[in-house]
Amino acid sequence: MSDAYIALADGRVLEGRGRAPGRTRGELVFTTAYTGYEESLTDPSYEEQVLTFSYPLIGNYGVRTERMESERVHPTAAIARELTDEVVEWLADEGVPAIDHVDTRELVTSVREEGAMRCGIAVGDDVTPEDAREELEACEGMSDHVDIGKQVSVDRARVVRAESGSESDTQVALVDCGVKGSIVDSLVERGADVHVLPYDASIEDVASLDPDVLFVSNGPGDPANFEAARALVEYFVGDVPVAGICLGQQIVARALGGDTEKMTFGHRGVNQPVRDLESGQVVMTTQNHGYSVAEPGPKLTVTQVNVNDDTAEGLENEELDVLTRQYHPEANPGPEDTLGFFDDVLAMTDAGARRTVVADD
Ligand SMILES: NC(=O)CC[C@H](N)C(=O)O
């Protein structure tokens, strides 16, 4: 008898070793990241997903709060070949079921062949395969989580200032659809004040800030379920520079007449190659997404593509001041090739343009 079961939507039930107890469900996905498990486990984009690590040994560096991207663990469960006791303790404290001694190669190849799939998890001394199957039956598809933004966004607006007590000449209105802390940090470190707004902020909420940039964050689920953020982009584009990361890119594309689609198993890892179409340069990027921009629409140009599958990694409209990335330029975890994105975003603001003129003189 095992004490941990994973019931897959394809009908199979896998056994493992129970490390942290509980029953749950979610969309089964995998990351190939070999570093940054604290960042991944606290990335709000993993809400409602069961995260399998393809790297076999997770937890070697302990549990470091300074590496966390939010205040809690977001995947509903964690699976690895081997989890350290320290990571297991953290997950157990957070009430997040954890399983190891699983053949993660089998899980990963199943997801690779059949796509991200719903699964049910049951961990504990007296659980049965039937418990995991019950969880699976109750599991909704990712697109059915129509108000997933509410689960991960701030309840009310808050501001993070570059310098406490004084106002920066760059005010960013950041729509928090489940933002990673290091995205806010990346903007603040570059001198911007960041107003973190709820995912369903209104046009009036944004207008009252008179922002220099409208920034749509990363986040979980289907971009089609973020109607309020889409409406903000549609309203402000052309008057205010617009930027977005990951879910943000998808929302911006949808707002400007483009379309998104679900990928088979997505991109999750820290070595996804991306080519810039103008320079030809390839950079290594961190990624975590299951949807992609299938159609950029009439106003956006695809400026960067994924080398593996040609999906859109960067969108731009220079005249309208729109700049987005599908990958995670904040690189937490991951290679830092792409941090310049934040400089490029801030260069779209009036203050940024003034700085460029001074630098050019
Ligand atoms: N990291 C993200 O922002 C993920 C975006 C979206 N939820 C997707 O899976 O494609």
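One is the number of the first residue shown, and numbering goes on along the chain from there.
Backbone N, Cα and C atoms are what each Cβ position is placed from, and that goes for glycine too.
Residues annotated as domain 'Carbamoyl-phosphate synthase small subunit N-terminal' in TrEMBL: 2-122. As annotated by TrEMBL, L-glutamine binding site applies to SER45, GLY219, GLY221, LEU247, GLN250, ASN288, GLY290, TYR291. Per TrEMBL, the feature active site, nucleophile maps to CYS246. Marked as active site by TrEMBL: HIS328, GLU330.
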Rounded to a whole number, how many Å is the Cα of GLU330 (active site) away from the Cα of SER45 (L-glutamine binding site)?
14
Treating G and I as helix alongside H, and B as strand alongside E, what does DSSP give for the domain 'Carbamoyl-phosphate synthase small subunit N-terminal' (2-122) in helix, strand and coil?
31 helix, 43 strand, 47 coil
Measuring Cα to Cα, how far is TYR291 (L-glutamine binding site) from HIS328 (active site) in Å?
14
By Cβ count within 10 Å, point out the most packed of the binding-site residues listed: GLY219, GLY221, GLY290.
GLY219
Out of SER45, LEU247, ASN288, GLY290, HIS328, GLU330, which recorded positions have CB atoms lying under 6 Å from ligand 1?
SER45, LEU247, ASN288, GLY290
List the Cα distance (Å, whole number) between LEU247 (L-glutamine binding site) and HIS328 (active site).
10
For the residue listed as 'active site, nucleophile', write down the residues of its own chain that are at least 6 apart in sequence and whose Cβ falls under 8 Å from its Cβ; none is a fine answer.
SER45, ASN218, GLY219, GLN287, ASN288, HIS289, ARG325, GLN326, TYR327, HIS328
With DSSP assignments reduced to helix, strand and coil, which class does GLU330 (active site) get?
coil
Reduced DSSP assignment, GLN250 (L-glutamine binding site):
helix
Near the L-glutamine site, what residues other than SER45, GLY219, GLY221, LEU247, GLN250, ASN288, GLY290, TYR291 in the same chain have a C-beta no further than 8 Å from the centroid of the listed C-beta atoms?
ASN218, PRO220, ASP222, PRO223, CYS246, HIS289
Cβ neighbours of SER45 (L-glutamine binding site) where a neighbour is any other Cβ within 10 Å
27
